[in-house]
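Asker: My questions will all concern the structure given below.
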């Protein structure tokens, strides 16, 4: 597949071509293969919240291994259980799970029909999720409970809820695996049951629908997101005040607060959405976090009331999210793509005013475009010349002050750090 086939807007394709060299890809084909595949690494952070600060990481690891072994036995994949290990020998706070090649594990199995899901559900399936009832768009007419089904993704979003035949061209669908339907079609669309509708059998990743007793000990989080918090250098001194300017969905807020809680530091988590802030508050309670305040607000307009208040600011900005994998079709219009740098620059503008002299600003996105990453950094340094400097001593950022996660086995991500000069 070429970029022009993956993207519906030719100008978006052209922007992504600029990422081939910047992202370290061999060629356009390699970039497309990377975008359309799921990362083979899954990472989980061991929570250090109040409820779990005495839990031995080795005990957590053993519990996770037992849980995943049980999952794979249920799928008939006992010969192919993923390996779980600590991220490195010096860090026992992060567990990694390496995906398996299970696509041929059921090559001789006959399916009784198909289930259709949207591209968002499909991407989650490739990362280890089962299919919940509410995520099912269509289903073969004859499907009964415990039938084996092919799972298809409707890549263009044209399948109607309740469809019983893929009347659209074959190019609109991508097969991503097989699973076992836990309900009949009639029950799925008429009774509307809750919970899992299709148990995936040959996904390369284990499902991370963790049992209740493990939910407060483990937090599924992409490694670049974990990396971003570590780049904030939160252990540099005590009593650090931190602002998470665009805090939803809250994983970075939780991670930062756990680091700061033993050092007398705190986090102010801000988001425009009341609903998202409520979700963050529930997670704070779930993990026993007490050093976070939340605020429903727009990071672009905070500067007047909180001028030079924070030692650390994280701007994990709204972006085009073109680093999220697996991607089945990029439907974004070029006009939308161009709108993101405008918002990102306003957030960065505000952050500079909110940051104390000597403080650290970390900027991150989950996209791979130059316009939202390197170009924004150049703009920021030019506008605030003599005020901001790249944090080239940051131990996480290879002596250059920024890092791209593209062509690596993660989602696409960008992280940069800037120090505000003291006068």
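Each Cβ is built from the backbone N, Cα and C atoms, and glycine gets one as well.
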Asker: Taking 298, 349 as the options, which does TrEMBL list with 271, 316 at the S-adenosyl-L-methionine site?
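Answerer: Between 298, 349, TrEMBL records just one in the S-adenosyl-L-methionine site with 271, 316, namely 298.
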Asker: Looking at S-adenosyl-L-methionine and its recorded binding residues 271, 298, 316, figure out the farthest C-alpha pair and report it in angstrom, whole number.
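Answerer: Per the listed residues, the maximum Cα distance equals 13 Å.
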Asker: Around the S-adenosyl-L-methionine site (271, 298, 316), what further same-chain residues have their C-beta within 8 angstroms of the site's C-beta centre?
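Answerer: Not counting the recorded site residues, we get 244, 245, 246, 247, 248, 270, 272, 297, 299, 318, 347.
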Asker: If one looks at the chain holding residue 271 (S-adenosyl-L-methionine binding site), which residues at least 6 apart in sequence have a CB under 8 angstroms from its CB?
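Answerer: Listed in sequence order: 246, 247, 248, 277, 280, 294, 296, 297.
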Asker: Three states by DSSP: which one describes residue 271 (S-adenosyl-L-methionine binding site)?
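Answerer: The three-state answer is strand.
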Asker: Per residue, counting other C-beta atoms within 10 angstroms of the C-beta, which of the binding-site residues 298, 316 reaches the highest number?
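Answerer: Result of the Cβ crowding comparison: 316.
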